[in-house]
Amino acid sequence: SGFHLSFSFFRRAVCGIRPTLSGFIVGGTVAPINSWPWQAKLRIAGNFLCGGSLIQPEWVLTAAHCVEGESPSIIKVTLGAHYLSTAQVVGTEQYFDVVQIIQHENYKMPKRFSNDVALLKLSRPAALRNGVGLVCLSDDQFQRPFNGTSCWTTGWGRLSWPGPVAKELMQVDLPLVSPQNCLSSYPNGYDPNTMICAGRSQGGTGACRGDSGGPLVCEFKGKWYLEGVTSWGQLPCDLPNKPTVYADVRKLKSWITGKISRSPALKVATNCSSVLNNTLKSPGYPDSYPINMFCVYRVPIPCDTELVIHFNSFHLENHVFCWYDRLRITDGSNRVIGTYCGQQTGRSVLVNDTVAVLTFKTDRSLNSSGFHLSFSFFPRGNATLLPFTTPTQTTTQRPTTTPTPGCGVVQNNTLRSPGYPSNYPRNTHCVYRVF
């Protein structure tokens, strides 16, 4: 019968490369946009939590004290970001759920912040492109610059103590401090086996509250290496002879690489359904879908064609952030088009790329009837989105449905919000791409 092959192309993962440039950052400057491509931003329940560093396409390294006792389902990771606020974007952002937290088993032993590292496994590999890249792990072949050569730390932490957090990513260059001097500064808290220090003896610069988990990087032979993970320091954050203390990545490298190599790959469930006749139904539909599902569906889109996904029926466990059960739609570049849960029957979603990737994930508790989707292909620029009916309820009358337009498309170089000039509907997520 011969063979049927498919070809996928991926950029080779190269670490430590940043653009050529002409916890808490005190006394630093605003970083040029996308100048530190491994910088991660962690949020919990919608609020900024900590920084982190992308060390593998699926792995972010952060501080253990940032995620201690937290569930992976409530932590969100953003890569390629510059602004602290999620309302301000630069266009290179990639958004991720966390599926696993691996905290160092000896965190807080023997000192309070010993072994202050944790690994976050992302829900999918990051796309290594504009503004998103890997940092190299510290390498023993390079001698550390304890002679005063500066390294750099970055973050959205406080600009002073007490003081506000940064609205944009900040950077500051700091010299590494020898273990002897660090021990002199912190005779009771410093652990030379798991910590490294950086800062100026005169003070005035350093990391602060909100920078925790972020990177301390040094350049060797044209590449940037992660030497430290921002951990702790003395308040206020800019005291003389009180450097910032970081988890020592070089000392902890074997733990980091060992945990990553032993972590099982995210497995796709064997009982996932299939796309048949341009239709996709969740496993078990119309009965309840199983718990603990992880299914990935790839829908190729022919050249000069765009895809409309119509939600004929859609009922998943609801949550304001879709933390529990969800369907996520991304394009071929890992750009998130939308994340959906709750009741979404009647919605239409436009995908204008070479492929649509649908990821269906469920948790271990409540479930619902699932979804029934249909796929329609149109010549590029000619897609029609069906109206999306949003249920509304009042306490005085029977629930009614109010038709509102779908997301629509750009036509004649014009784009109108759904419902314009009337009010746009609530709980709407629209993505428009202008080529």
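Residue numbers in this text run from 1 along the chain shown.
Just so you know, glycine gets a Cβ as well, placed from its N, Cα and C.
Predicted, not measured: the structure shown is a model, and the values here were computed from it.
Swiss-Prot lists H65 (among others) with the feature active site, charge relay system, giving sequence analysis as the kind of evidence. Contacts of H65 (active site, charge relay system) defined by a Cβ separation under 8 A and a same-chain sequence distance of 6+ are given as Y107, F113, D116, S212, S231, W232, in order along the sequence.
Sequence annotations record features per position, and here Swiss-Prot assigns active site, charge relay system to D116 (among others) based on sequence analysis. Cβ neighbour count for D116 (active site, charge relay system) (all protein chains, 10 Å cutoff from its Cβ): 31.
Among the features that Swiss-Prot reports, active site, charge relay system is placed at S212 (among others). In the three-state DSSP scheme, S212 (active site, charge relay system) is classed as coil.
Among the features that Swiss-Prot reports, disulfide bond is placed at C50-C66 (among others), with the record citing sequence analysis. Its Cβ placed at the centre, C50 (disulfide bond) has 27 other Cβ atoms within 10 Å.
According to Swiss-Prot, the feature disulfide bond maps to C151-C218 (among others), an assignment based on sequence analysis.
Neighbour density for C182 (disulfide bond): within 10 A of its CB lie 22 other CB atoms from the protein chains shown. For C182-C197 (among others), the entry in Swiss-Prot reads disulfide bond, with the evidence type sequence analysis.
According to Swiss-Prot, the disulfide bond annotation covers C208-C237 (among others).
All protein chains considered, the CB of C322 (disulfide bond) has 19 other CB atoms within 10 Å. DSSP assigns C322 (disulfide bond) to coil in the three-state reduction, placing it in neither a helix nor a strand. If you look up Swiss-Prot, you'll see C322-C341 (among others) marked as disulfide bond.
For 25-261, the entry in Swiss-Prot reads domain 'Peptidase S1'. Taken together, the residues of the domain 'Peptidase S1' (25-261) have an average pLDDT of 89.
Shown for the domain 'CUB' (256-378): DSSP residue counts in helix, strand and coil, namely 7 helix, 54 strand, 62 coil. Residues or ranges marked as domain 'CUB' by Swiss-Prot: 256-378.
Annotation comment: Swiss-Prot describes 1-16 as signal peptide.
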Distance check against C151 (disulfide bond) for the disulfide-bonded residues C50, C66, C182, C197, keeping those with Cα within 10 Å: none
Least surrounded among the recorded positions, given as C66, C197, S212, C341, when other CB atoms within 10 Å are counted: C341
Shortest C-alpha distance to C50 (disulfide bond) - which of the disulfide-bonded residues C182, C197, C341: C197
C151 (disulfide bond) CB neighbourhood, other CB atoms within 10 A: 23
Residue pair C322 (disulfide bond), C66 (disulfide bond) - Cα distance, angstrom, rounded: 22
